[in-house]
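Report on the following structure.
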Amino acid sequence: MAGWIQAQQLQGDALRQMQVLYGQHFPIEVRHYLAQWIESQPWDAIDVDNPQDRAQATQLLENLVQELQKKAEHQVGEDGFLLKIKLGHYATQLQNTYDRCPMELVRCIRHILYNEQRLVREANNGSSSAGILVDAMSQKHLQINQTFEELRLVTQDTENELKKLQQTQEYFIIQYQESLRIQAQFAQLAQLNPQECLSRETALQQKQVTLEAWLQREAQTLQQYRVELAEKHQKTLQLLRKQQTIILDDELIQWKRRQQLAGNGGPPEGSLDVLQSWCEKLAEIIWQNRQQIRRAEHLCQQLPIPGPVEEMLAEVNATITDIISALVTSTFIIEKQPPQVLKTQTKFAATVRLLVGGKLNVHMNPPQVKATIISEQQAKSLLKNESTRNECSGEILNNCCVMEYHQATGTLSAHFRNMSLKRIKRADRRGAESVTEEKFTVLFESQFSVGSNELVFQVKTLSLPVVVIVHGSQDHNATATVLWDNAFAEPGRVPFAVPDKVLWPQLCEALNMKFKAEVQSNRGLTKENLVFLAQKLFNSSSSHLEDYSGMSVSWSQFNRENLPGWNYTFWQWFDGVMEVLKKHHKPHWNDGAILGFVNKQQAHDLLINKPDGTFLLRFSDSEIGGITIAWKFDSPDRNLWNLKPFTTRDFSIRSLADRLGDLSYLIYVFPDRPKDEVFSKYYTPVLAPASAAKAVDGYVKPQIKQVVPEFVSASSDSAGGNATYMDQAPSPAVCPQAHYSIYPQNPDPVLDQDGEFDLDETMDVARHVEELLRRPMDSLDPRLSPPAGLFASTRGSLS
């Protein structure tokens, strides 16, 4: 109920937005009287697109109706009597509305609760950060709403003027008919005697002169009314076009940009509900003005009067048609983007939505949407309106979907749930470009009929660029292409042009955004971390971040050329760091236990003056995704020790916390935190000796323990034969089963008589292998090499 209490505190525009959420589909009184019950139900646990969850949705509907009926029965007194009737009516209404579509009730209530929470959150953020001052966003939204009010008033004014014109014209036509009747009477005068004819003719002439003078004046008045009305429509359309530009070219483009950055881990793009409400208001006002213009044209055709009006009306009619065309085509958008790294033969989903579908009654004749994959060059040709002859660059299964209208939320959308890219056709690559740098896009297209088929629009929209892969080993480099494109794409670009070079601070922002999203942590990259990355990328020794602010990073430096002295690119190393943190060390990173971004020399400088047993965890330079332990311990040979890096494979066998727990001579986490205080909550519980030795099915369960034999002997010598750490006896080496193949073992369709041979996919794999073979042996990505230590007899050696 706390959510509803907060929602009731909303004021101004936020309160109006909340009120719009309710209506006949879900009355606000139901929300009020069943607030606690509604907020305690598992609405989010139901997948509205999964038919198997329908029974649960039906049960929630039945429970809602029962709760309403119980609430109604408990009402007493005079006021209670009216409320009892009203709640009972709502119970019946909801039962009838959602009985055949209980999923729509779930969708409706989720939509309401989500937007209530959003409005409350925005109101709280606004009040805490800006106080009584209205922030820039609210100010802009206020201006948009004020313009809508102005448009409503001028549209009402032209409606009144049109009615006035129609009434004036109808009276004019009546008088014109009277003039024709008088002319007919002149023809009948010959049948009268001369005296009566003369008398009658004089009266008719006076009447005719008076009437013709009136008709001439009224014709001028009518023409003036028509011109004034057309001029008012011109001004209205100017204001409409300006408002539409703000909404479509500013607000909607900003939403799309947020959606693109969300692909890099940025904050969610936010709800489309406010944008849809604006677009629907635009559609409503545009359609009202279009109908007015058509009625004005009809009046002109009914009573032609020479003048400039016909040309003016033709111009405003063409203008309003252009405006509505731009609105319909621009509001056909991709609400849920397909994955930007798209693997063949893998199911994927996407959702497209028409923001004006409800207002323009497009849903009355549900349109079908088709999805195809096209190349970057085909996308360029499409935007130039060049004929592509329905060309595509691959085959997508389940690529057609009918748009559905959801009454509760007022949304018209098509949900592609089970698409799959069967095959891809690649273009010839340029220079050093690899297959993971080639961009495609999913084209969604449909046809919408508006206003009883008065207008028919062919609509198309392109997804964000996608990189197609055929093997998981290509994922890392494909992600680099997507990251660079999402971060540095410019508005209104030619598909899919991106700058080849960007400033280092720009890349820092993109890396930090991606890092926090992948590791799912609020602990991002610090200034010191960014200095370390700059040193690594630019092969520099400067420790001042400002020294790098004017330096540029090229795409080749980022993920095409190996770092100087290493067999990997900058991105491959950074991606390996994110992967190992995401899979194994999120809590340790969030706790600040992993220093990470320091090199061997920096670790030496940090530890040299610390007590024995002080250690730090840093990311390995020599192995992608490796974490090494550096610690201080004085011995005859050395005082700083570095353990051979552990990788994801090692942490799958034994966790970092347990490995640190095994090494009792590691005492303090740098700078001075007791190890057990930091890591003990992550230790695997140790079995009691009796239970550990107990045989299970005739077998005694072994235990794996981390030891460093070389350090044990060194520390024994240092202790003068009275070793403190001799309880860390060497244990038998535990070696994982060797895997020599680069790719998982998949059935070969060439050798399998029942298999389907796919030439495109086979060529794609061949290109990938060709890329590997082109590289010198020392430049191979370690993730594609045989596992480190595969032929070693022990693990945990020192360096």
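Cβ coordinates come from backbone N, Cα and C, glycine included.
Annotated range for region 'Disordered' in Swiss-Prot, selecting from 52-73, 426-447, 602-623, 778-799: 778-799. For the domain 'SH2' (589-686), the DSSP counts in helix, strand and coil order read 31 helix, 22 strand, 45 coil. Its own atom aside, the Cβ of Y699 (phosphotyrosine) has 7 Cβ atoms within 10 angstroms in the protein chains shown. DSSP gives Y699 (phosphotyrosine) a strand state. If you take the Cα of Y90 (phosphotyrosine) and the Cα of Y682 (phosphotyrosine), they are about 53 angstrom apart, rounded to a whole number. Classification of Y90 (phosphotyrosine) by DSSP places it within a helix. Taking only the Cα positions, the spacing between Y699 (phosphotyrosine) and Y682 (phosphotyrosine) is 28 angstrom. With every protein chain in view, the residue among the modified residues Y90, Y682 whose Cβ has the most Cβ partners within 10 Å turns out to be Y90.
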